[in-house]
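Okay, so here's the structure we're looking at.
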Amino acid sequence: MPTFVDRVVLHATAGDGGHGCASIHREKFKPLGGPDGGDGGRGGDVRLVVDPSVTTLLDFHFHPHQRASRGRPGQGSNRHGADGADLVLPVPDGTVVLTEDGEQIIDLVGPGSAFVLARGGRGGRGNAALASARRKAPGFAELGEPGEQLDAVLELKTVADVALVGFPSAGKSSLVSVLSAAKPKIADYPFTTLVPNLGVAQAGDRPPYTVADVPGLIPGASEGRGLGLEFLRHIERCSVIVHVLDCATLEPGRDPMTDLDVIEAELAAYSADLSDRPRLVVLNKIDVPDAAELAELVAPELRARDLAVFAVSTATRRGVHALSLALADLVAQHRAAAPARAATRIVLRPRAVNEPDFTVRPLGDGFLITGSKPERWVRQTDFTNDEAIGFLADRLARLGVEKELARLGATAGAEVTIGEVTFDWEPTLSGGGLGNGGLGVDDHPGGDGLAETGPGGRGPAGTAASGAAPSPGRGGDTGSSVSLGPRGTDDRLRASVRLTRAERMARRAAAVVDPAVRGEPAGRGEEEG
């Protein structure tokens, strides 16, 4: 079972928004209580937060699917649903978030830095929020918007001050163990170290610094040979690079200078940014016979390259203290020159400047409508409710969708796709008639431009349908005007019907008691915008 994981694929799902509620207030002696359906709660976000106590992505290796809680639905009596709890995922310092194609999204460095990986869906508005002067008691509510889903690649680039690089069995793990209190696995065979080992070193009264032992590099590591490609990224953030050269190994074609040139070539091939990092050279294992003489032989040539050289024995700890002091000074210089990083909370939701509300383009024999507003409106519409469909049609008409379809030559019956929903378009005779009626009320047969609308266009029973016979008026009483016939036509029939106050109250009461609005949650929702 792995104990160190530095790359995982995370499947994050934010919480859905809670559904809005369609409810009518019921109280003794209040026959016209009005709508009182509450809004649904917002879904929880999925957030990544840097936690200094976390050093690996192991938890996500075993649990790659993470889901936040959804918002609670609204209820009657204007009770709003509770928001879903955010899902906070602790990640190590230095975690990079990538798309599946390898494009970097964000680089999280610094304790407390946070990133909203998936945003929760908006809660749906209840019918109390949807009421207007023309729509006194809406018989529908909005649906909760689904939470975002994202598959992201998390990569850990260790945040270490000093990186030890070198060939396998050069003594890097042994050097970490004497510089710090870390206890890495040490053995006398190549590739003993399979994961980076981190240690915290303290040199005298200098500030502490971190040391990372990178698994052994071999020629071709930057191209994927050996283990180098998997762990070369852990060198990217280091302040100082330390070449650990083995002075005791006698192999054909290998010597300290050759090893140095090979490792430098691999670092340059991996990233040009590493060329400006300060470097030190450690000539290791000088306690072995003949190793000290070899170290003295190559030291002048290394110094000629402007490299600081330290002859070290991890077995006897000779030269270790001087090396630690030099590393502490270099790290302190780098920290003083680097700008301080502050913990940040990042939410990336870029939007183009002057982005249109919607676009219409041909799609086969039909048309495809894209845009954040129409797509969101479709997601939050309850297509089992005729009144909700009429409300959607009015919103699209006011946005200018019908006029744009007519301009592009759309004919009756053409398929119009918005998001995941496809409609059969039924244009009004004069075009643009959708914007002339009441908000969310379809008082004409088929005149809302959407084939889903039910007979008569009105949703709940008890409301006047197209073609209904006007009630006889009573002279002298204050009345209200009822619009009959297809909306948006040139020969629209308007009949002014004089109704007594008692008759108007009776009609409103009939609409209020309609079975479609019994106070149960009827939809899901979000905020209009």
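Keep in mind that glycine also has a Cβ here, set from the backbone N, Cα and C atoms.
Database features (Swiss-Prot):
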- 2-159: domain 'Obg' (DOMAIN)
- 62-86: region 'Disordered' (REGION)
- 160-332: domain 'OBG-type G' (DOMAIN)
- 166-173, 191-195, 213-216, 284-287, 313-315: GTP binding site (BINDING)
- SER173, THR193: Mg(2+) binding site (BINDING)
- 350-427: domain 'OCT' (DOMAIN)
- 434-494: region 'Disordered' (REGION)
- 461-472: compositional bias 'Low complexity' (COMPBIAS)
- 506-529: region 'Disordered' (REGION)
- 508-520: compositional bias 'Low complexity' (COMPBIAS)
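Recorded features from Swiss-Prot, shown on the structure.
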residue : record              : Cβ neighbours (10 Å)
GLY166  : GTP binding site    : 25
SER169  : GTP binding site    : 20
LYS172  : GTP binding site    : 31
SER173  : Mg(2+) binding site : 24
PRO215  : GTP binding site    : 23
LYS285  : GTP binding site    : 25
SER313  : GTP binding site    : 22
| Which of the binding-site residues listed here (GLY166, PRO215, LYS285, SER313) have a Cα atom within 10 Å of the Cα of SER173 (Mg(2+) binding site)? | PRO215
| How would DSSP class PRO215 (GTP binding site) in three states? | coil
| query | Where does the mean pLDDT land for the domain 'OBG-type G' (160-332)? | reply | 80
